[in-house]
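In what follows, a single structure is set out as structure tokens and then discussed.
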Amino acid sequence: MAPMTSAERQRKYREKLKEEDPAKLEKLKKENAERTKKKYKNIKQLPEFKQKEQRKKWRQAKQKQKKEPNINQTEESKIYQKQKRKVRYLLSKENLKLKLTIERMSKIIRAQKKTLYRYKKQIENLKESLKKTENEFENLRTLGENPNSVTEEATTPFSKTEKFIQEIIPNIPSPYKERVKKAIFENYVLKQSLLEQYSKAESKPEKDVLKTVISNDIVTKYKLKTNLGYSCLGLKGRLRARQRTVEKKRIKRIKEIKDFLDRDDNSRITAGKRETKTFKKDKRQVRYLQDSLEKLHKKYIDEGGSASYTTFTRYKPFYILDPIVTQRNTCACVKHANLTFVAQKLKILGVLETNDLEKLVSTIVCDKFNKKCMYGECKSCENKTIPLDLAHKNLDKMVFWYAWVTKKHEYVKKNANEENDKKITKRTTKDIIQGTLTDLIKSFSDQLQKFKKHYYNIYHAYQMYKKCKETLSATECIIHCDFSENYLAKISEEVQATHFGASKQQFTLHTAVIYYKNEQDLQEKSFCTISPNNNHNPIAIWPI
């Protein structure tokens, strides 16, 4: 037997109360009625906008009620409605058939129009062909009336030579006739040879070699390039030399963009063994962009590049990728980060037009690649300031911004005697700084002046690093070393107690890259050393 629903159980309970305790049932009904009555409110008790909504609902309900058919309609009206529906159905069915017929006839009409157009074209072509045939027939009839004018068509170099002499110079003396005949004959032989060789050539390089015969300086000097192109090679129109430099320029531009994005100031290389990408059997270590492609393209243009943004993105190497969340920047520069926080806040407040640090630096210096300008030693730009929009701004307004702050942190640690010792360490946290708008602007100005030197130092360091690579000799090499994070040693079998305390041994990986010259090409090779010493100071580099 199927279980009872909630409504069935309630009904059964009410029937039971009706038989056993009618007074209790009446009491329950009264309580339910009072509870329901509390929910209802007079329309006058509602706010004005609620009254409008309720009256609108009543009007809609009344209109719907009027549209509904009367339940008490007569049998005749029912029969009438039934017949009406039947007629409507038949009409819709007939209408559908007519629509399909119209569509079919439209297709036939379109096809007939296309056929008619083709026939018209054929008639025009036949008329032209007929006119051409009539002209040829007229010419032949004219030649038939004058048989002396008919001459055999010259097809070989010898026959062409004979025809030329007979028509142009028939009265030339015999000693000179043979010399002229020989020169003209050689000319026709050379032209015929070039024409046949060009027509037999299948590849583009072969045809280009033959084109060079009639596209040199001598031919250009006497303005015979077009005439010789037609008579020697059968080319119609202007002779165009193939632009062989297009592919070379494209390859050069690809290399230029690749070298730019491969630089350490534009992308950072990954260290993982599996962080590689392969394309057409070319396996490369993945690199992540240091900035957006838009900003990198602007930097590329500032350094003298000429490729458009579309070309710049198209020729981006396959192993250089946009950074993802798991590869977020965990080694961000404090000066960059803090100045970015301040610039972003000023832009939100409408004081600055942009928060791009490179644009802000370019605004207050003549040349961002000049040391004197960036160090404040240039007399032309030492007093330049960022234009600030302070109109209708309350300088005493309290604002807040973020900043990375290093503070001293005190904590308690138990010593060997189980006594509490106070220890002091440094901790860097992202704090909220509060102050007036004037304080924020002053902080921005101070940080920007320091950031100019910092920006130039980074640029100069990368330029010198790049120059060292380019000017490297065969007897020199560059070694670039860095430390990895400390790694924990694991044993194939270990007891549970090794998971706690300092039981597990740590070691350091010294990752390095060596650059050297091999047959005028810069080569690179990566290597790694392992050490139980966990010191990461400069002295620890030398034992590598």
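Note that Cβ sites are derived from N, Cα and C of the backbone, with glycine treated the same way.
TrEMBL does not curate its annotations; it predicts them automatically.
Feature annotation from TrEMBL assigns region 'Disordered' to 1-79. Residues or ranges marked as compositional bias 'Basic and acidic residues' in TrEMBL: 16-35. Annotated compositional bias 'Basic residues' per TrEMBL: 53-65, in sequence order. Residues annotated as coiled coil in TrEMBL: 109-143.
DSSP assignment over the compositional bias 'Basic residues' (53-65) gives 13 helix, 0 strand, 0 coil. In the predicted model, the coiled coil (109-143) has a mean pLDDT of 88. Summarised by DSSP class, the composition of the compositional bias 'Basic and acidic residues' (16-35) is 19 helix, 0 strand, 1 coil. Applying DSSP to the region 'Disordered' (1-79) sorts its residues as follows: 61 helix, 0 strand, 18 coil.
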